[in-house]
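Chemist: One structure, pasted below without further comment.
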Amino acid sequence: MSEPVKLRAHNQAHCKDCSLAPLCLPLSLNLEDMDALDEIVKRGRPLKKGEFLFRQGDGFDSVYAVRSGALKTFSLSDSGEEQITGFHLPSELVGLSGMDTESHPVSAQALETTSVCEIPFERLDELALQLPQLRRQLMRVMSREIRDDQQMMLLLSKKTADERIATFLVNLSARFRARGFSANQFRLSMSRNEIGNYLGLAVETVSRVFTRFQQNELIAAEGKEVHILDPIQLCALAGGSVEG
């Protein structure tokens, strides 16, 4: 099994030059403030598919912003059973859930080649005291995590597999759109098995629903490539507008 990757300071793109800055950072940060934030950010080599960023039980000392690629977070039961808790795309922060107990309650693993920015939490906390805009941004991120947890509980309460998978696809679509990518044509970095684990469905059920969606011309799917053909109907099946 691969060990968690330790990142080191590395001379790469400044935060202000990153295409994800509008999503990742408060818009009100000036150049001097952004320099101060960039000073504490560590950027290391990309994680390979299957490599761990951190493991459940590891000490909490940093949060991470996904720069490219995708991560899954999951917890292991006492019997070793994996339960996926989320999929994380570029500009999203990972690791904040470890702040309370000072250890990570989940593991984070790369679904594909993935680059992250590591932000040591103590230094981030100190900087947030000096920059109220940054503190508010962190609070927004934590609020979003709470909202995502609530949406997940709502998702798992839906009666049908069709509703769960429609909601999952509409949510991904909104997140890709927010990042400047196509909302209707994208690649799934996660496997059908991982989708099923996340949604509480058997992998056979996931495959059947994807097939049914294609037969009903809601989507076209080939391998991990998905093309949403009827976003209005898919959104209606998901129960309305779903934000990323």
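Using the three backbone atoms N, Cα and C, a Cβ is placed for every residue, glycine included.
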Chemist: In Swiss-Prot, which of 12-31, 52-71, 192-211 is tagged DNA-binding region?
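Modeler: Comparing 12-31, 52-71, 192-211 with Swiss-Prot, DNA-binding region matches 192-211.
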Chemist: Looking at the binding-site residues Asp38, Arg55, Leu89, Arg140, which one has the fewest other Cβ atoms within 10 Å of its own Cβ?
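Modeler: It is Arg140 that, of the binding-site residues Asp38, Arg55, Leu89, Arg140, has the fewest other Cβ atoms within 10 Å.
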Chemist: What is the three-state DSSP composition of the DNA-binding region (192-211), stated as helix, strand and coil residue counts?
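Modeler: Helix (H, G, I), strand (E, B), coil: 17 helix, 0 strand, 3 coil.
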Chemist: Once the DSSP letters are reduced so that anything not helix or strand counts as coil, what is Val106 (nucleoside 3',5'-cyclic phosphate binding site)?
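Modeler: Looking at the DSSP assignment, Val106 (nucleoside 3',5'-cyclic phosphate binding site) belongs to neither helix nor strand, so coil.
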